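TrEMBL annotations:
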type	residues	note
BINDING	Thr126, Asp200, Glu225, Lys255, Asp259	substrate binding site
BINDING	Gly291, Glu292, Val293, Gly294, Lys295, Gly296, Glu312, Asn415	NAD(+) binding site
COMPBIAS	35-54	compositional bias 'Low complexity'
DOMAIN	260-421	domain 'S-adenosyl-L-homocysteine hydrolase NAD binding'
REGION	1-72	region 'Disordered'
Amino acid sequence: MNHGYDFPRQIQFANQEEKQEFSKFPTKTGRRSLSRSISQSSTDSYSSAASYTDSSDDETSPREKTQVNSKGSSDFCVKNIKQAEFGRREIEIAEQDMSALISLRKRAQGEKPLAGAKVVGCTHITAQTAVLIETLVALGAQCRWTACNIYSTQNEVAAALAESGVSVFAWKGESEDDFWWCIDRCVNVEGWQANMILDDGGDLTHWVYKKYPSVFKKVRGIVEESVTGVHRLYQLSKAGKLCVPAMNVNDSVTKQKFDNLYCCRESILDGLKRTTDVMFGGKQVVVCGYGEVGKGCCSALKALGAIVCVTEIDPICALQACMDGFKVVKLNEVVRQMDMVITCTGNKNVVTREYLDRMKNGCIVCNMGHSNTEIDVASLRTPELTWERVRSQVDHVIWPDGKRVILLAEGRLLNLSCSTVPSFVLSITATTQALALIELYNAPEGRYKQDVYLLPKKMDEYVASLHLPNFDAHLTELSDEQAKYMGLNKNGPFKPNYYRY
(Lines of atoms letter the chains of each structure in order from A and count residues from 1; the text may use other names and numbers.)
(Lines give C-alpha, C1' and ligand atoms only; values in the text may rest on other atoms or scores of the structure.)
Protein backbone atom coordinates (compact mmCIF):
# COMPACT_ATOMS: atom_id res chain seq x y z
CA MET A 1 0.00 0.00 0.00
CA ASN A 2 1.85 3.07 -1.28
CA HIS A 3 0.47 6.28 0.17
CA GLY A 4 3.11 8.60 -1.26
CA TYR A 5 3.76 10.48 1.95
CA ASP A 6 6.74 10.65 4.26
CA PHE A 7 6.46 9.75 7.91
CA PRO A 8 7.55 12.42 10.39
CA ARG A 9 10.43 11.32 12.56
CA GLN A 10 9.75 11.37 16.24
CA ILE A 11 12.12 12.96 18.74
CA GLN A 12 14.22 10.56 20.78
CA PHE A 13 13.67 10.04 24.46
CA ALA A 14 16.37 10.10 27.10
CA ASN A 15 18.08 6.81 27.75
CA GLN A 16 16.37 4.54 30.26
CA GLU A 17 17.17 1.19 31.76
CA GLU A 18 16.18 -1.55 29.32
CA LYS A 19 16.08 -4.65 31.39
CA GLN A 20 12.61 -5.64 32.57
CA GLU A 21 12.33 -6.95 36.08
CA PHE A 22 10.42 -10.05 37.01
CA SER A 23 9.66 -11.39 40.45
CA LYS A 24 8.34 -14.69 41.68
CA PHE A 25 5.53 -15.53 44.01
CA PRO A 26 6.98 -16.59 47.39
CA THR A 27 6.50 -20.12 48.60
CA LYS A 28 6.18 -21.12 52.22
CA THR A 29 6.10 -24.47 53.96
CA GLY A 30 2.53 -25.65 54.08
CA ARG A 31 1.44 -23.11 51.44
CA ARG A 32 0.75 -23.86 47.80
CA SER A 33 3.76 -23.71 45.51
CA LEU A 34 4.10 -21.18 42.71
CA SER A 35 3.04 -23.65 40.04
CA ARG A 36 -0.03 -24.70 41.98
CA SER A 37 -1.20 -21.16 42.75
CA ILE A 38 -0.73 -20.21 39.12
CA SER A 39 -2.40 -23.27 37.64
CA GLN A 40 -5.29 -22.73 40.04
CA SER A 41 -5.75 -19.10 39.02
CA SER A 42 -5.45 -19.96 35.34
CA THR A 43 -8.62 -22.04 35.52
CA ASP A 44 -10.55 -19.14 37.00
CA SER A 45 -13.02 -17.28 34.83
CA TYR A 46 -11.26 -14.60 32.80
CA SER A 47 -13.77 -12.63 30.87
CA SER A 48 -17.14 -12.83 32.56
CA ALA A 49 -19.33 -14.92 34.79
CA ALA A 50 -20.25 -16.92 31.70
CA SER A 51 -16.64 -17.61 30.78
CA TYR A 52 -15.17 -21.08 30.54
CA THR A 53 -14.08 -22.55 33.86
CA ASP A 54 -12.35 -25.89 33.98
CA SER A 55 -13.77 -27.90 36.84
CA SER A 56 -10.73 -30.15 37.09
CA ASP A 57 -7.78 -28.76 39.00
CA ASP A 58 -5.28 -29.64 36.29
CA GLU A 59 -1.78 -28.97 37.52
CA THR A 60 0.01 -30.32 34.45
CA SER A 61 1.98 -27.58 32.70
CA PRO A 62 0.87 -27.06 29.09
CA ARG A 63 4.54 -27.55 28.17
CA GLU A 64 4.29 -31.15 29.36
CA LYS A 65 1.17 -31.99 27.33
CA THR A 66 0.95 -33.14 23.74
CA GLN A 67 -2.11 -31.57 22.17
CA VAL A 68 -3.31 -31.76 18.57
CA ASN A 69 -5.92 -29.66 16.79
CA SER A 70 -8.53 -31.14 14.44
CA LYS A 71 -6.19 -30.67 11.46
CA GLY A 72 -3.51 -32.79 13.13
CA SER A 73 -1.15 -29.93 13.94
CA SER A 74 0.65 -29.74 17.28
CA ASP A 75 2.59 -26.53 16.53
CA PHE A 76 1.09 -24.62 19.49
CA CYS A 77 1.02 -24.69 23.28
CA VAL A 78 -2.17 -23.64 25.07
CA LYS A 79 -3.90 -24.59 28.32
CA ASN A 80 -6.54 -26.83 26.75
CA ILE A 81 -7.30 -27.18 23.03
CA LYS A 82 -10.75 -28.54 23.95
CA GLN A 83 -11.80 -25.00 24.94
CA ALA A 84 -11.59 -23.90 21.28
CA GLU A 85 -15.33 -23.92 20.60
CA PHE A 86 -16.01 -21.63 23.54
CA GLY A 87 -13.14 -19.36 22.49
CA ARG A 88 -14.62 -19.13 19.00
CA ARG A 89 -17.84 -17.73 20.50
CA GLU A 90 -15.80 -15.14 22.45
CA ILE A 91 -14.10 -14.06 19.21
CA GLU A 92 -17.46 -13.80 17.41
CA ILE A 93 -18.81 -11.58 20.21
CA ALA A 94 -15.74 -9.30 19.90
CA GLU A 95 -16.16 -9.12 16.10
CA GLN A 96 -19.62 -7.61 16.53
CA ASP A 97 -18.12 -4.50 18.13
CA MET A 98 -15.02 -4.34 15.89
CA SER A 99 -16.80 -3.61 12.64
CA ALA A 100 -14.11 -1.24 11.33
CA LEU A 101 -11.43 -3.93 11.54
CA ILE A 102 -13.80 -6.41 9.87
CA SER A 103 -14.50 -3.75 7.22
CA LEU A 104 -10.74 -3.42 6.58
CA ARG A 105 -10.54 -7.23 6.34
CA LYS A 106 -13.31 -7.34 3.73
CA ARG A 107 -11.90 -4.44 1.70
CA ALA A 108 -8.35 -5.78 1.54
CA GLN A 109 -8.65 -9.57 1.56
CA GLY A 110 -9.04 -9.64 -2.25
CA GLU A 111 -5.68 -7.99 -2.90
CA LYS A 112 -3.92 -9.80 0.00
CA PRO A 113 -1.51 -6.95 0.93
CA LEU A 114 0.26 -9.22 3.45
CA ALA A 115 0.79 -12.19 1.11
CA GLY A 116 4.19 -13.62 2.00
CA ALA A 117 4.33 -11.80 5.34
CA LYS A 118 5.48 -13.97 8.23
CA VAL A 119 4.40 -12.09 11.34
CA VAL A 120 5.60 -13.00 14.81
CA GLY A 121 3.50 -11.27 17.46
CA CYS A 122 3.73 -10.71 21.20
CA THR A 123 0.59 -9.04 22.59
CA HIS A 124 -2.18 -9.66 25.08
CA ILE A 125 -4.04 -12.71 23.75
CA THR A 126 -7.68 -11.79 24.10
CA ALA A 127 -10.75 -12.13 21.89
CA GLN A 128 -10.04 -8.66 20.48
CA THR A 129 -6.44 -9.53 19.56
CA ALA A 130 -7.73 -12.72 17.94
CA VAL A 131 -9.85 -10.59 15.59
CA LEU A 132 -6.66 -8.71 14.61
CA ILE A 133 -4.66 -11.94 14.12
CA GLU A 134 -7.39 -13.47 11.97
CA THR A 135 -7.58 -10.25 9.96
CA LEU A 136 -3.83 -10.48 9.26
CA VAL A 137 -4.29 -14.11 8.17
CA ALA A 138 -7.19 -13.10 5.88
CA LEU A 139 -4.89 -10.47 4.32
CA GLY A 140 -2.33 -13.18 3.48
CA ALA A 141 -0.01 -13.33 6.50
CA GLN A 142 1.28 -16.39 8.35
CA CYS A 143 1.27 -15.74 12.11
CA ARG A 144 3.03 -17.12 15.17
CA TRP A 145 1.89 -15.52 18.43
CA THR A 146 2.73 -15.34 22.12
CA ALA A 147 1.59 -13.33 25.16
CA CYS A 148 3.19 -10.11 26.42
CA ASN A 149 1.72 -10.58 29.91
CA ILE A 150 1.59 -13.73 32.03
CA TYR A 151 -1.93 -13.04 33.32
CA SER A 152 -3.84 -11.52 30.41
CA THR A 153 -4.29 -14.54 28.12
CA GLN A 154 -7.83 -15.84 27.64
CA ASN A 155 -7.19 -19.59 27.55
CA GLU A 156 -10.27 -20.34 25.48
CA VAL A 157 -9.29 -17.73 22.86
CA ALA A 158 -5.75 -19.12 22.62
CA ALA A 159 -7.32 -22.55 22.05
CA ALA A 160 -9.59 -21.18 19.29
CA LEU A 161 -6.59 -19.60 17.53
CA ALA A 162 -4.63 -22.86 17.78
CA GLU A 163 -7.61 -24.75 16.36
CA SER A 164 -7.81 -22.33 13.42
CA GLY A 165 -4.17 -22.99 12.53
CA VAL A 166 -2.35 -20.09 14.22
CA SER A 167 0.79 -21.23 16.07
CA VAL A 168 0.04 -19.71 19.46
CA PHE A 169 2.10 -20.26 22.61
CA ALA A 170 0.39 -18.78 25.67
CA TRP A 171 -1.75 -19.54 28.70
CA LYS A 172 -2.99 -17.57 31.68
CA GLY A 173 -0.64 -17.81 34.65
CA GLU A 174 2.69 -18.53 32.97
CA SER A 175 5.85 -18.49 35.07
CA GLU A 176 8.74 -16.24 34.07
CA ASP A 177 10.49 -19.23 32.51
CA ASP A 178 7.30 -20.14 30.59
CA PHE A 179 7.04 -16.56 29.33
CA TRP A 180 10.45 -16.57 27.67
CA TRP A 181 10.04 -20.19 26.50
CA CYS A 182 6.86 -19.20 24.63
CA ILE A 183 8.59 -16.26 22.97
CA ASP A 184 11.45 -18.54 21.97
CA ARG A 185 9.09 -21.14 20.46
CA CYS A 186 7.53 -18.43 18.29
CA VAL A 187 10.85 -17.17 16.93
CA ASN A 188 13.02 -20.27 16.85
CA VAL A 189 11.30 -22.69 14.49
CA GLU A 190 12.82 -24.78 11.72
CA GLY A 191 11.82 -23.86 8.17
CA TRP A 192 10.05 -20.61 9.12
CA GLN A 193 11.55 -17.20 9.67
CA ALA A 194 9.69 -14.05 10.60
CA ASN A 195 9.87 -11.01 8.31
CA MET A 196 7.61 -8.74 10.42
CA ILE A 197 7.38 -8.18 14.21
CA LEU A 198 4.30 -6.92 16.05
CA ASP A 199 5.22 -6.22 19.66
CA ASP A 200 3.56 -4.85 22.78
CA GLY A 201 6.10 -3.94 25.45
CA GLY A 202 9.29 -4.76 23.54
CA ASP A 203 9.99 -8.19 25.07
CA LEU A 204 9.83 -10.01 21.72
CA THR A 205 12.10 -7.46 20.04
CA HIS A 206 14.47 -7.65 23.02
CA TRP A 207 14.58 -11.48 22.82
CA VAL A 208 15.32 -11.47 19.08
CA TYR A 209 18.17 -8.96 19.58
CA LYS A 210 19.56 -11.02 22.44
CA LYS A 211 19.21 -14.55 21.03
CA TYR A 212 18.59 -14.42 17.27
CA PRO A 213 20.01 -11.17 15.82
CA SER A 214 20.34 -12.82 12.38
CA VAL A 215 16.52 -12.82 12.14
CA PHE A 216 16.68 -9.05 11.55
CA LYS A 217 18.30 -9.68 8.14
CA LYS A 218 14.87 -10.80 6.92
CA VAL A 219 12.64 -8.52 9.03
CA ARG A 220 11.18 -5.56 7.11
CA GLY A 221 9.92 -3.75 10.17
CA ILE A 222 8.69 -3.68 13.76
CA VAL A 223 5.30 -2.37 14.85
CA GLU A 224 5.21 -1.46 18.58
CA GLU A 225 2.15 -0.26 20.49
CA SER A 226 3.17 0.42 24.09
CA VAL A 227 4.96 3.26 25.88
CA THR A 228 7.45 0.78 27.35
CA GLY A 229 8.24 -0.84 24.00
CA VAL A 230 8.56 2.51 22.24
CA HIS A 231 11.04 3.70 24.92
CA ARG A 232 13.13 0.62 24.18
CA LEU A 233 13.05 1.28 20.43
CA TYR A 234 14.22 4.88 20.86
CA GLN A 235 17.02 3.64 23.12
CA LEU A 236 18.15 1.21 20.40
CA SER A 237 17.89 3.95 17.76
CA LYS A 238 19.89 6.42 19.86
CA ALA A 239 22.59 3.80 20.43
CA GLY A 240 22.72 3.04 16.68
CA LYS A 241 21.57 -0.53 17.31
CA LEU A 242 18.16 -0.43 15.62
CA CYS A 243 18.75 -2.41 12.43
CA VAL A 244 15.24 -2.29 10.90
CA PRO A 245 12.55 0.42 10.56
CA ALA A 246 10.05 0.58 13.42
CA MET A 247 6.57 2.07 13.62
CA ASN A 248 5.60 3.82 16.85
CA VAL A 249 1.88 3.03 17.05
CA ASN A 250 1.68 4.13 20.69
CA ASP A 251 2.03 7.81 19.84
CA SER A 252 -0.44 7.77 16.97
CA VAL A 253 -3.50 9.85 17.77
CA THR A 254 -5.83 6.87 17.40
CA LYS A 255 -3.88 4.93 20.06
CA GLN A 256 -3.16 7.75 22.52
CA LYS A 257 -6.54 9.40 22.55
CA PHE A 258 -8.74 6.34 22.26
CA ASP A 259 -7.05 3.22 23.62
CA ASN A 260 -5.09 4.99 26.35
CA LEU A 261 -7.78 7.48 27.38
CA TYR A 262 -11.23 6.03 26.72
CA CYS A 263 -10.28 2.37 27.22
CA CYS A 264 -8.70 3.05 30.62
CA ARG A 265 -11.58 5.31 31.63
CA GLU A 266 -13.90 2.30 31.44
CA SER A 267 -11.62 -0.62 32.30
CA ILE A 268 -10.09 0.83 35.51
CA LEU A 269 -13.50 0.60 37.20
CA ASP A 270 -14.15 -2.86 35.75
CA GLY A 271 -10.84 -4.26 37.04
CA LEU A 272 -11.25 -2.77 40.53
CA LYS A 273 -14.88 -3.90 40.89
CA ARG A 274 -14.20 -7.48 39.78
CA THR A 275 -11.27 -7.93 42.11
CA THR A 276 -12.34 -6.03 45.24
CA ASP A 277 -16.06 -5.15 44.96
CA VAL A 278 -14.98 -1.74 46.21
CA MET A 279 -17.33 1.23 46.57
CA PHE A 280 -15.77 4.31 44.96
CA GLY A 281 -17.95 7.04 46.48
CA GLY A 282 -15.94 9.05 49.00
CA LYS A 283 -12.76 7.00 48.65
CA GLN A 284 -9.42 8.83 48.76
CA VAL A 285 -7.46 7.87 45.63
CA VAL A 286 -4.06 8.93 44.31
CA VAL A 287 -3.30 8.38 40.63
CA CYS A 288 0.41 8.50 39.80
CA GLY A 289 0.82 10.05 36.36
CA TYR A 290 -1.55 12.28 34.38
CA GLY A 291 -0.83 11.16 30.84
CA GLU A 292 -3.68 9.77 28.73
CA VAL A 293 -4.05 6.65 30.93
CA GLY A 294 -4.00 8.73 34.12
CA LYS A 295 -6.54 11.16 32.66
CA GLY A 296 -8.91 8.30 31.84
CA CYS A 297 -8.56 6.76 35.31
CA CYS A 298 -9.07 10.08 37.12
CA SER A 299 -12.14 10.94 35.03
CA ALA A 300 -13.83 7.61 35.79
CA LEU A 301 -13.03 7.64 39.52
CA LYS A 302 -14.16 11.25 39.94
CA ALA A 303 -17.44 10.47 38.16
CA LEU A 304 -18.26 7.83 40.78
CA GLY A 305 -17.57 10.18 43.67
CA ALA A 306 -14.00 9.30 44.58
CA ILE A 307 -11.80 12.08 45.95
CA VAL A 308 -8.87 11.97 43.52
CA CYS A 309 -5.42 13.54 43.67
CA VAL A 310 -2.56 13.21 41.19
CA THR A 311 1.23 12.95 41.26
CA GLU A 312 3.19 14.31 38.28
CA ILE A 313 6.75 15.14 37.23
CA ASP A 314 5.71 17.17 34.17
CA PRO A 315 4.51 20.75 34.84
CA ILE A 316 2.27 20.72 31.75
CA CYS A 317 0.44 17.53 32.77
CA ALA A 318 0.32 18.80 36.35
CA LEU A 319 -1.32 22.05 35.21
CA GLN A 320 -3.85 20.03 33.17
CA ALA A 321 -4.68 18.02 36.31
CA CYS A 322 -5.18 21.23 38.29
CA MET A 323 -7.45 22.70 35.61
CA ASP A 324 -9.46 19.45 35.57
CA GLY A 325 -10.08 19.85 39.29
CA PHE A 326 -7.50 17.47 40.78
CA LYS A 327 -5.05 18.36 43.54
CA VAL A 328 -1.44 17.69 42.51
CA VAL A 329 0.56 16.25 45.41
CA LYS A 330 3.70 14.31 46.29
CA LEU A 331 3.02 10.68 47.15
CA ASN A 332 4.88 10.92 50.46
CA GLU A 333 2.54 13.74 51.54
CA VAL A 334 -0.70 11.76 51.11
CA VAL A 335 0.12 8.05 51.16
CA ARG A 336 -1.05 7.55 54.78
CA GLN A 337 -4.58 8.76 53.99
CA MET A 338 -5.14 6.94 50.70
CA ASP A 339 -7.69 4.16 50.16
CA MET A 340 -6.28 3.39 46.69
CA VAL A 341 -2.95 3.97 44.95
CA ILE A 342 -2.94 3.56 41.15
CA THR A 343 0.21 3.87 38.98
CA CYS A 344 0.08 5.01 35.33
CA THR A 345 3.60 6.29 34.62
CA GLY A 346 5.51 3.62 32.66
CA ASN A 347 8.39 4.26 35.08
CA LYS A 348 9.94 2.09 37.80
CA ASN A 349 9.81 2.17 41.61
CA VAL A 350 7.03 4.75 41.72
CA VAL A 351 5.56 2.98 44.77
CA THR A 352 8.48 1.81 46.92
CA ARG A 353 8.55 -0.32 50.07
CA GLU A 354 8.78 2.89 52.12
CA TYR A 355 5.39 4.00 50.76
CA LEU A 356 3.89 0.52 51.15
CA ASP A 357 4.98 0.47 54.81
CA ARG A 358 3.18 3.78 55.43
CA MET A 359 -0.13 2.83 53.78
CA LYS A 360 -3.19 2.34 55.94
CA ASN A 361 -4.91 -0.98 56.53
CA GLY A 362 -6.96 -2.07 53.51
CA CYS A 363 -5.30 0.21 50.97
CA ILE A 364 -5.72 -1.12 47.41
CA VAL A 365 -2.58 -0.92 45.26
CA CYS A 366 -2.61 -1.52 41.50
CA ASN A 367 -0.89 -0.62 38.25
CA MET A 368 -2.42 0.56 34.97
CA GLY A 369 0.91 0.91 33.13
CA HIS A 370 2.19 -1.79 30.77
CA SER A 371 5.25 -2.81 32.77
CA ASN A 372 5.30 -4.50 36.18
CA THR A 373 8.09 -2.24 37.46
CA GLU A 374 6.01 0.67 38.79
CA ILE A 375 5.20 -0.95 42.14
CA ASP A 376 8.25 -2.42 43.91
CA VAL A 377 6.63 -5.81 44.46
CA ALA A 378 10.02 -7.49 44.93
CA SER A 379 10.47 -5.52 48.16
CA LEU A 380 7.39 -7.27 49.59
CA ARG A 381 8.89 -10.76 49.15
CA THR A 382 10.42 -10.76 52.62
CA PRO A 383 10.03 -13.21 55.51
CA GLU A 384 8.28 -10.78 57.89
CA LEU A 385 5.38 -10.24 55.46
CA THR A 386 2.69 -12.87 54.87
CA TRP A 387 1.00 -13.23 51.49
CA GLU A 388 -2.56 -14.52 51.22
CA ARG A 389 -4.11 -15.26 47.83
CA VAL A 390 -7.76 -14.38 48.50
CA ARG A 391 -9.08 -14.72 44.95
CA SER A 392 -7.65 -14.85 41.46
CA GLN A 393 -5.21 -11.93 40.99
CA VAL A 394 -5.86 -10.57 44.50
CA ASP A 395 -3.22 -10.88 47.24
CA HIS A 396 -3.41 -9.58 50.80
CA VAL A 397 0.08 -8.65 51.95
CA ILE A 398 0.01 -8.73 55.76
CA TRP A 399 2.45 -6.80 57.98
CA PRO A 400 3.52 -8.11 61.43
CA ASP A 401 1.06 -5.76 63.17
CA GLY A 402 -1.84 -7.19 61.12
CA LYS A 403 -2.07 -4.35 58.58
CA ARG A 404 -3.16 -5.57 55.13
CA VAL A 405 -2.40 -4.02 51.76
CA ILE A 406 -4.48 -5.38 48.88
CA LEU A 407 -2.22 -5.91 45.85
CA LEU A 408 -3.85 -6.59 42.49
CA ALA A 409 -2.31 -8.74 39.72
CA GLU A 410 1.03 -8.74 41.56
CA GLY A 411 1.63 -5.22 40.25
CA ARG A 412 0.99 -6.09 36.61
CA LEU A 413 -1.46 -4.42 34.24
CA LEU A 414 -4.77 -4.30 36.11
CA ASN A 415 -7.33 -4.08 33.34
CA LEU A 416 -6.05 -6.86 31.10
CA SER A 417 -5.02 -9.07 34.03
CA CYS A 418 -8.24 -8.74 36.03
CA SER A 419 -11.01 -7.75 33.64
CA THR A 420 -11.68 -7.17 29.97
CA VAL A 421 -11.39 -4.05 27.85
CA PRO A 422 -14.01 -2.71 25.43
CA SER A 423 -13.85 -4.35 21.99
CA PHE A 424 -14.76 -1.16 20.16
CA VAL A 425 -11.82 0.87 21.44
CA LEU A 426 -9.43 -2.02 20.74
CA SER A 427 -10.75 -2.11 17.18
CA ILE A 428 -9.24 1.37 16.75
CA THR A 429 -5.79 0.27 17.92
CA ALA A 430 -5.93 -3.04 16.04
CA THR A 431 -6.87 -1.32 12.78
CA THR A 432 -3.93 1.06 13.28
CA GLN A 433 -1.59 -1.91 13.89
CA ALA A 434 -2.82 -3.72 10.78
CA LEU A 435 -2.31 -0.63 8.59
CA ALA A 436 1.18 -0.06 10.06
CA LEU A 437 2.13 -3.67 9.23
CA ILE A 438 0.78 -3.30 5.68
CA GLU A 439 2.67 -0.02 5.22
CA LEU A 440 6.04 -1.32 6.47
CA TYR A 441 5.71 -4.65 4.64
CA ASN A 442 4.89 -3.03 1.28
CA ALA A 443 7.09 0.07 1.51
CA PRO A 444 9.62 0.41 -1.33
CA GLU A 445 13.23 -0.03 -0.29
CA GLY A 446 14.69 3.18 1.03
CA ARG A 447 11.43 4.82 2.16
CA TYR A 448 12.17 3.88 5.77
CA LYS A 449 15.62 4.03 7.31
CA GLN A 450 16.69 2.18 10.46
CA ASP A 451 14.75 4.51 12.72
CA VAL A 452 11.46 4.93 14.60
CA TYR A 453 8.56 6.50 12.70
CA LEU A 454 5.13 7.84 13.56
CA LEU A 455 2.04 6.97 11.57
CA PRO A 456 1.10 9.68 9.07
CA LYS A 457 -1.87 11.90 9.92
CA LYS A 458 -3.73 10.61 6.86
CA MET A 459 -3.64 7.06 8.20
CA ASP A 460 -4.87 8.18 11.63
CA GLU A 461 -7.77 9.99 9.98
CA TYR A 462 -8.58 6.92 7.86
CA VAL A 463 -8.75 4.70 10.98
CA ALA A 464 -11.07 7.20 12.68
CA SER A 465 -13.31 7.42 9.59
CA LEU A 466 -13.76 3.64 9.54
CA HIS A 467 -15.27 3.82 13.04
CA LEU A 468 -17.71 6.68 12.47
CA PRO A 469 -20.50 4.57 10.86
CA ASN A 470 -20.98 2.86 14.25
CA PHE A 471 -22.38 6.14 15.55
CA ASP A 472 -24.24 7.09 12.38
CA ALA A 473 -21.91 10.11 12.30
CA HIS A 474 -21.89 12.29 9.17
CA LEU A 475 -18.82 14.38 8.40
CA THR A 476 -19.19 17.88 6.97
CA GLU A 477 -17.34 18.38 3.68
CA LEU A 478 -15.40 21.53 2.88
CA SER A 479 -16.41 23.55 -0.16
CA ASP A 480 -13.66 24.34 -2.67
CA GLU A 481 -13.66 27.94 -1.42
CA GLN A 482 -13.36 26.84 2.26
CA ALA A 483 -10.57 24.37 1.46
CA LYS A 484 -8.64 27.06 -0.41
CA TYR A 485 -9.16 29.56 2.44
CA MET A 486 -7.81 27.04 5.00
CA GLY A 487 -5.03 25.83 2.72
CA LEU A 488 -6.29 22.22 2.98
CA ASN A 489 -6.93 19.32 0.67
CA LYS A 490 -10.66 18.57 0.77
CA ASN A 491 -9.86 14.92 1.60
CA GLY A 492 -7.39 15.67 4.39
CA PRO A 493 -5.17 15.58 6.28
CA PHE A 494 -7.07 18.24 8.19
CA LYS A 495 -4.50 19.08 10.86
CA PRO A 496 -0.73 19.67 10.73
CA ASN A 497 1.51 17.04 12.28
CA TYR A 498 2.25 19.25 15.27
CA TYR A 499 -1.44 19.59 16.16
CA ARG A 500 -2.34 18.16 19.57
CA TYR A 501 -5.89 16.87 19.83
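Cβ from N, Cα, C; glycine included.
Model, not experiment: these values are computed from the prediction.
Between the two most distant C-alpha atoms of the annotated substrate binders (Thr126, Asp200, Glu225, Lys255, Asp259) there are 18 Å. A separation of roughly 10 Å, to the nearest angstrom, links the Cα atoms of Gly296 (NAD(+) binding site) and Asp259 (substrate binding site).
Taking the Cβ of Glu312 (NAD(+) binding site) as centre and 10 Å as the limit, one finds 23 other Cβ atoms among all the protein chains shown. Taking the C-alpha positions, the distance from Glu225 (substrate binding site) to Gly294 (NAD(+) binding site) comes to 17 Å. When the alpha carbons of Asp200 (substrate binding site) and Gly294 (NAD(+) binding site) are compared, the span between them is 19 angstrom. For Lys295 (NAD(+) binding site), the spatially nearest entry among the binding-site residues Thr126, Lys255, Asp259 is Asp259, judged by CA separation. Of all the binding-site residues listed (Asp259, Glu292), Asp259 sits in the most crowded Cβ setting, with the most other Cβ atoms within 10 Å. Spacing of Glu292 (NAD(+) binding site) relative to Lys255 (substrate binding site) is 10 Å (Cα to Cα, whole number). Comparing C-alpha positions, Asp259 (substrate binding site) sits nearest to Val293 among the binding-site residues Gly291, Val293, Asn415. Sequence-distant neighbours of Asn415 (NAD(+) binding site) (same chain, 6+ residues apart, CB-CB distance under 8 A): Cys263, Cys264, Ser267, Ile268, Asp270, Gly271, Met368, Val421. On the 0 to 100 pLDDT scale, the domain 'S-adenosyl-L-homocysteine hydrolase NAD binding' (260-421) averages 95 in the predicted structure.
For Asp200 (substrate binding site), the Cβ neighbour count at a 10 Å cut-off comes to 26, with all displayed protein chains included.
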